[in-house]
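For reference, the structure is listed below as structure tokens.
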Amino acid sequence: MIAIGLESSANKLGVGIIRHPDDGSTPQVLSNVRHTYVTPPGEGFLPKDTARHHRAWVVKLVKKALREARVLPRDIDCVCFTKGPGMGAPLQSAAITARMLSLLWGKELVGVNHCVGHIEMGRLITGATNPVVLYVSGGNTQVIAYSSQRYRIFGETLDIAVGNCLDRFARTLHISNDPAPGYNIEQLAKKGKRLVDLPYTVKGMDISMSGILAAIDGLAVQYGLDGEGKDDEEDDASSEKPTRADLCFSLQETIYSMLVEITERAMAHVGSKEVLIVGGVGCNERLQEMMGIMARDRGGTVHATDERFCIDNGIMIAQAGLLAYKAGVPTPLKESTCTQRFRTDDVFVKWRD
Amino acid sequence: MELITQGAEAHLYKTTYLTPSTPAALKIRPSKPYRHPILDRRLTRQRVLQEARCLVRLVREGVNVPAVLAVDWELRDNSSSGGEANGNGNGYAAGAGNGAWILMEWIDGVMLKEVFRAWEGYVKSRTGLSDAEREGEEGKVKCLLRRIGVAVGLLHKAGVVHGDLTTSNLILKSQAAQTNGVDGDGDGKGEVGTVSPHMEGEIVLIDFGLASQSIQDEDRAVDLYVLERAFGSTHPRTERFFGEVLEGYRGSYRGAGSVMKRLEDVRMRGRKRSMIG
Amino acid sequence: MAASLLETIHLAHLPPSMPVHVAVYRDVQNAPFLRQQLLAANAEFEYAFIDASVVLSRTHLLSAVFRAVNDSMNGRLKSRNVHSEIVFSLNPTTNIAESFRKFGITDSTKDLLVVKVSVTPEITHDSVAAHLGQHVEGSPVPFDDETLAKIADVAKIKKAYKLGALNTAPPKQANGTQDDGMRRLELSVLGAIALRGAT
């Protein structure tokens, strides 16, 4: 069976085509194309503009995906789209496109939970069977473990997402959004050495990020490191003053420690030795490294994917959608809406034991 | 030293204090090598101290918790050797490694989780209980539940919230814990169902790893809510009597009333949050 | 003199090579002399000289010893040596001078607790017993809870640990007894010792 997936919940527009061979062998990614709406430094992406970008690109991407996959519309079994969570206007671009394709091609629709898409793609790529999942992106921060037909949320952010915190700090420093603000923070952090004191806000299984953002923003202003046209100055080891790199370094060290801590707690709780990191922030090598140290100490392993599958993409929607479709849960046209709020644990995971 | 439990944050051992005949619980928070060393020290120190401070305060206030016997809140650097006495930096007991630790009074008794489990097993297996017997059994468990409520109330009255109230963190200090139908080892594999378990004795609250000093209604209500949910998931046959816990709590200190009102809000709120960044 | 009353104790978790020697004397006649040796930093008199009236029990004293030795082994002494540190360890605050005023020997001390740690192999039960027998003018009594309870000034101890509000009388609820009150006082004191200096 073949599914096409459309993803547009944030600033990435992605289209992917996956094939599940009838003999039950490993699914094949036939194509996975993406176009990102990149804003100038210091600016975030607004829903309206993002949606406009997606609308302008979606037809091109669908055509490109079909071409690369060397399939025709008639080969496709179902059209999958992100139902939520995400930003309203951008979400609608994919939902409307999917409905159109469904009617045009006469194929069934499958609405997919974005978080479940990440989890299923991560499991497919890494081969992790039943891991504790850390899902970290611009809009989501959750520690998830599977139990009786649900992906249950063990811990999550109480306010903003990890990626949102990084993106907004990148804006404060006027760091480029190309290819992604988090990526550029990571590169800058590699030059950082001094750890500045930031709030560390783990609350049981949950974490809170807004106070950390306020604190690091405050430090940037205090040391005159915010705003446009600041070079990444040479580090003066004798100086007490932190550099931009030091701030990025400290921010990463602090929030990634929090993420690893709650993940470890979930692992101890469910007795799992595997961790799977998904979501855009999951590409971060320092996060993967820290998680790896923790997992090794517990006699376990960490699984992560590269930017093709970590960052929002269409193929993960196709994968999760096809699993649902094969388990017999398509989405009738009338219900093919999208929603900004859609909890991971609302999804009935019929395709797993 | 005998390892009792190993969680994500800490390892708990049974050991001795000062003399070989004084049992003690040693809770070690090992260094977390994934963290930046400065952050690791800061956090470990903060948490060990927070837990110890809560316990010391509660002992002073007369709340039933394990007393703190000794604390070491510094993570040791493996590379340094600053000891005056014997020139090694390992200091304390080999088992503590480079972790920070709290040495506490050893509490002899049974986890309430096991008591309830044994009771539920007993009631379930005795289908032939007469009404009077059943009433007697229920009276017994209700009394225990009320005492739990009082224990939590006194904890809150003393200005501390527990942060992780479950029936595993409540101990029934019993004179003869081993012989009353509950497996004293707490592994739950003991014979269950033949005898109705003993429910007399003081209730001791343990594991203050997530505790903090607070007198906020919100924090107190969350404590009760967490306990309520723990009953729901762990003791389905006892859950319907949870009102007794709240009854006991209500009468245990001034201010319990407004916490109970807040509990309603907390219940309504549950865990459903939007996930928008 | 009855040097045999010097007790040598191996504390759990401390190296077996470092036993602790403890003696108690009542009716001490030469407190000013002993104190003078401390002030003069006479190396032969490197002891922890403690006013026994501010010590509740064996556990109380030994907890302070335990803390001092542990701090010493980790290179964290705040005072001159492990013996002065024992006196300091009895104190709930980080003021060293105050700790000596409150817990150390004074010229008027009548009941004296002496502690010596075998920090070198030359310090043995016999060497300590002989030296103390020679220099302390007082009646040796056993280092046990019964004796310490007779000497202890509970009001003074409560004041020293700022536990004045602590009720050592039988509590109203449950089956509380006088013993419970004293036990609570002792445990509160242990907590204060354990947490001294925590910031």
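Placement of Cβ uses the backbone N, Cα and C atoms for every residue, glycine included.
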Further substrate ligand in TrEMBL, beside A:Tyr135, A:Val136, A:Ser137, A:Gly138, A:Gly139, A:Gly182, A:Glu186, A:Asn284, within candidate set A:Asp159, A:Asp167, A:Asp206: A:Asp167
Divalent metal cation site partner of A:His114, A:His118, A:Tyr135 (as recorded in TrEMBL), chosen from A:Asp297, A:Asp306, A:Asp312, A:Asp345: A:Asp312
Integer Cα-Cα distance in angstrom, A:Gly182 (substrate binding site) to A:Asp312 (divalent metal cation binding site): 14
Pairwise Cα distance maximum in Å, substrate-binding residues per record: A:Tyr135, A:Val136, A:Ser137, A:Gly138, A:Gly139, A:Asp167, A:Gly182, A:Glu186, A:Asn284: 18
Other residues, Cβ within 8 Å of A:His114, A:His118, A:Tyr135, A:Asp312 Cβ centroid (divalent metal cation site): A:Ser9, A:Cys115, A:Gly117, A:Ile119, A:Ser137, A:Asn140, A:Val278, A:Gly279, A:Met316
Short-range binding-site residues relative to chain B, from A:His114, A:Tyr135, A:Gly139, A:Gly182, A:Asn284, A:Asp312, with Cβ separation under 8 Å: A:Gly139
Cβ neighbour count within 10 Å of A:Gly182 (substrate binding site): 26
Where A:Gly139 (substrate binding site) falls in three-state DSSP terms: coil
Residue among binding-site residues A:His114, A:His118 with least C-beta crowding, 10 angstrom cut-off: A:His114
Cα-Cα distance linking A:Asn284 (substrate binding site) and A:Tyr135 (divalent metal cation binding site), given in Å to the nearest integer: 12
A:Asp312 (divalent metal cation binding site) CB neighbourhood, other CB atoms within 10 A: 27
Distance [Cα-Cα, Å, rounded] between A:His114 (divalent metal cation binding site) and A:Gly139 (substrate binding site): 11
